[in-house]
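The structure appears below as structure tokens.
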Amino acid sequence: MSTLGHQYDNSLVSNAFGFLRLPMNFMPYESDADWVITGVPFDMATSGRAGGRHGPAAIRQVSTNLAWEHNRFPWNFDMRERLNVVDCGDLVYAFGDAREMSEKLQAHAEKLLAAGKRMLSFGGDHFVTLPLLRAHAKHFGKMALVHFDAHTDTYANGCEFDHGTMFYTAPNEGLIDPNHSVQIGIRTEFDKDNGFTVLDAGQVNDRSVDDVIAQVKQIVGDMPVYLTFDIDCLDPAFAPGTGTPVIGGLTSDRAIKLVRGLKDLNIVGMDVVEVAPAYDQSEITALAAATLALEMLYIQAAKKGE
């Protein structure tokens, strides 16, 4: 069975065209791409409303609304002229086999990184970040984490496949350094001794974007950074289509400005997760996710053009 593809026995989770209508390449390891987009249609680790397996398809579908703009406002260049980005489709695994998904995703990521590519991944529920972190840590060593979310996902008593436990597991496996990591937009109960710097939603909404970014840069330093964005970081007014929405979150405008502010960090991997289109209204959650993903690519292109 191929590791990647856009057709499968249950092909309704996948698309036949790439994010932003970027080229499709199901053998990205031998390509000349700088960044490779991978969809991970998985939601078996969800504790709330399921449906995140349809997230990659929804993000790709709505991204056609963004593809027409050559110079994404307010950037003064076309990202596609600076970065070679391909979409390698969705990870193919036996639906119902969470372990196979995790192992295949980690192996896929390790192969891409060994070939000199960087990854932007679309979930799927947030558990998919853990196998991605395992692969990135093998290649880059211990990393800093910049984590946008309503939840810290540091629950210690979950099961093996649980979208609320990744950032308890990752420090224990030596994948990330919590002392150089920051969690942004949190507004649910969490353990205060988990080692992460937590910038709760109230702080982030009340402080200036520049002030928040300055603190993030100070915490992260020059470490390699993995950037993960759970769409429920946004207030449900801007992102209702997710499994565990929490009132009182960030606006889409503030989130975009914060992501842009991360341009100077040494970001080595990125993902956008937890889009569940069955609960969306007018595709606004998928559009927010696609826009944030595009901004992530733009900050990489901006750095390359310096």
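The chain as shown is numbered from 1 upward.
Every residue, even glycine, has its Cβ placed from backbone N, Cα and C.
Long-range Cβ contacts of Asp149 (Mn(2+) binding site) within its own chain (separation 6+, distance under 8 Å): His126, Gln183, Ile184, Gly185, Ile186, Thr228, Phe229, Asp230, Asp232, Cys233. The feature Mn(2+) binding site is assigned by Swiss-Prot to His126, Asp149, His151, Asp153, Asp230, Asp232, with sequence analysis given as support.
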- Query: Near the Cβ of His151 (Mn(2+) binding site), how many other Cβ atoms are there if near means within 10 Å?
  - Reply: 25
- The number of other Cβ atoms within 10 Å of the Cβ of Asp230 (Mn(2+) binding site), counted over all protein chains shown, is 28
- Number of other Cβ atoms within 10 Å of the Cβ of His126 (Mn(2+) binding site) across all protein chains: 31
- Query: Taking the Cβ of Asp232 (Mn(2+) binding site) as the centre, how many other Cβ atoms fall within a 10 Å radius?
  - Reply: 30
